[in-house]
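Copied over from Swiss-Prot:
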type	residues	note
BINDING	487	ATP binding site
MOD_RES	9	N6-acetyllysine
MOD_RES	10	phosphotyrosine
MOD_RES	16	phosphoserine
MOD_RES	40	phosphoserine
MOD_RES	228	phosphoserine
MOD_RES	260	phosphotyrosine
MOD_RES	452	phosphoserine
MOD_RES	484	phosphoserine
MOD_RES	542	phosphotyrosine
MOD_RES	668	phosphoserine
MOD_RES	675	phosphoserine
MOD_RES	943	phosphoserine
REGION	1-38	region 'Disordered'
REGION	216-235	region 'Disordered'
REGION	596-717	region 'Mediates interaction with SCN7A'
């Protein structure tokens, strides 16, 4: 392989200047597919000579400075390209002109148009349309600013990719060590790293000394991984001789040659993949779009029909255009945009109190319609701390307490064997508590040391008191640290116990290796020879604990005889001058990262809510399956193919996969699957665990679920999860353990890292969907009594019953608080017991909702308004039949002798005062019938009497709208400002019977729905 090969396939192909858009798009898709493939490299297989040939690097002196400068010029700096961010002004414009706002803008423009037409054609005209246009524009701008502020506040996007690049790196060039900027590291550089450093680029290790790296941000595995020059695995992500860019070196030192830099590193590929993925449209955005189509359709249909009708009725063109505009504007629910924004914001605030931080307001609802959750294991389902789970000593398994608050079972701590075991676990252990934590509970203390050793340290500290004092009593003389060839750790301590020899040798390590070094075993404090029977007992215990997905360690000791090893003996760990065989076996201790306490309950809730929970983890299949069973992702009694094969004692290949409800898929099998095979697994198995998966596979799993039509939520904390988080319908990152990159890709952040918070989120999301429906039903209903006066005015030629300004007073005044108050309504029934909604069929606004709001309740409201209108005119001398066809004379300011039914003559001024009084009364009637509408909108199925009136905001809303209506009617000066006049108290009561009718009508309808579920009434009217 020549230099530079293997790099070329990531270089962007040259696109000709006039290369069309399609070419670019296809290329982008090709690049994305390339990134989704597994990491392929062969540097880990090359010998040192081949490496030297491939990169032209002297393995002791490094590159020359000149050569390094050439490569830097060719490849560019070793940095990740930051993801493309949307400029703030674009985000702001989206809020101002997106979706619903567009409808209001069109309304405002039409108003200005109508005002312009009137101003040009008549000397004397009113300014209603001008006011209306200004108010509409103001509504859009104010709600736009509000949504923008809300989103900007919750998504202060972290500059996370910048923080990931280590600032300095130690390279060897021209045979000299020099510290340079990490951005200047080039392919072929010889780099040195030590404990505490971040790895500056992808390295092929050529020499190492006790080096361990923490790959958790990349693979999700919490255990530090050993790094050495040995080629140990075909898979570059698993082999020991490659260290990855931006992972941390925890201990030891290593030297390596840089094989990839910047965007070409494994981490860089993941980052590019995440920033290149398109997140789709959120379900609620799609719903609102669908709703706008409906409303616009209705408005335009009515407008055009009446435009044609008014021409047939011999109105002039100009009048007809004014009518058209009037009808379209009356149809637009001006207050709805604000209502939806406020409802989503309230829910986002409520979720923040429950530890869910929502970055994108629309994501609030998406979580409610989720049908599949792909959850990471470590830290989300589990506590993300290794904990001692079981011990095996005195030939039986003892259970330790793994609960977060130590409320579980404990075991017999009096046995002499346990004392010996705890002594080894405390002494043969390099973990220490960090300083100044004496006041913290033991489990909460920070530990310096690897995960398994800290688990042992905390366990012994809890059971046996201070480990520090134990270590002071038994001073350490020498130790052999754990290494991958012997697989044990050993130390020798001074022993001050009078009845024991002066030196104590303790050892721990891989159980089978430890057992091989033992010839006796301690049972109930007495040493016995290790026979076959006891070896079998050990083997069974080891298999049982391993089968629980636990990490098992074996412990043994030896009391060194004083005659051979007197006081002051010089122990030598290089030329070993003390026994490491024929030791005495004490017992096993097994550890696991235990499930969080609230998770099994949360998984159960998901199941009853019809949500499928899939575990996707980088961990071992056995551990993954054990945790899945522990939290209920694989429920009791459900078997995998392997379980069935074991039970029937037949080979796995003979089991029909469809007989197994549960399924554990290994990453290496997933690699060779076609998308059809993956679809089959997702379709036919209800309980699925994917283990040993790579970041790219997470993404493939998410896409597979989406092909099934599922709305997918993904949880994750590592950088490795960011592509899947971005692709999912809703990405959920972890607030505590999460890397910045994953937080940036996500839509929502769990502040307490707890899976149970997701379930709370689902509940809130479902509730907001229900409540938005109610809010919209309430808001839309008053559209009918707002439009019909205009239509009757055109058809029957009567004085206008309701003016434009009064319509605005309803939409932006009296209806606002009640509509928002419905967002505080509690759930009617257990919303977590029903299936997730199907986004294709179960819409936010459907035909049934429109038919209820417009066709039924709205019509009753309109009747109430007209009744009041006719009563007032009749009291003033104009009987209903006398009004037909009177409009032309009525609106003519030069006619001052219009006669009423009793022959009285009315001047223009007097007529207009009566007309505006009618407007005010019609407005008040709408408020009165909206009382009933608000109360019936509280529930969709239950009776209002079942639901109760616990919603204080709603009760306030009722009083607020009434007070506002009274204020507008009786406040002095309103006659000039809004042309609203005081009403006789009796006129308030005209609409009461209609209000009562609405309430009774709807209660009967809901009663029928409850009595006959699935019947005709439910099919036609349940929205």
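Quick reminder: no glycine exception, Cβ is built from N, Cα and C everywhere.
A 10 Å cutoff on Cβ-Cβ distances gives residue 40 (phosphoserine) a total of 8 other Cβ atoms nearby, all chains included.
Put simply, 668 is the one of the recorded positions 228, 487, 542, 668 whose Cα lies nearest to the Cα of residue 943 (phosphoserine).
For the region 'Mediates interaction with SCN7A' (596-717), the number of residues in each DSSP class (helix H, G, I; strand E, B; coil) is 63 helix, 20 strand, 39 coil.
Closest to residue 668 (phosphoserine) by Cα-Cα distance, out of the recorded positions 228, 260, 487, 542, 675, is 675. Nearest neighbour of residue 487 (ATP binding site) by Cα distance, taken over the modified residues 40, 452, 542, 675: 452.
Under the DSSP three-state reduction, residue 452 (phosphoserine) is assigned to helix.
Taken through DSSP, the region 'Disordered' (216-235) splits into 4 helix, 3 strand, 13 coil. Summary: among the modified residues (228, 452, 668), the fewest other C-beta atoms within 10 A of the C-beta are counted at 668. Cα-Cα distance from residue 542 (phosphotyrosine) to residue 452 (phosphoserine): 17 Å (rounded to the nearest whole number). Fewest other C-beta atoms within 10 angstroms, among the modified residues 260, 542, are seen around 542. Cα separation, residue 40 (phosphoserine) to residue 675 (phosphoserine), rounded: 20 Å. Between residue 260 (phosphotyrosine) and residue 228 (phosphoserine), the C-alpha separation comes to 18 Å. DSSP assigns residue 943 (phosphoserine) to coil in the three-state reduction, outside any helix or strand. If you take the Cα of residue 228 (phosphoserine) and the Cα of residue 675 (phosphoserine), they are about 37 angstrom apart, rounded to a whole number.
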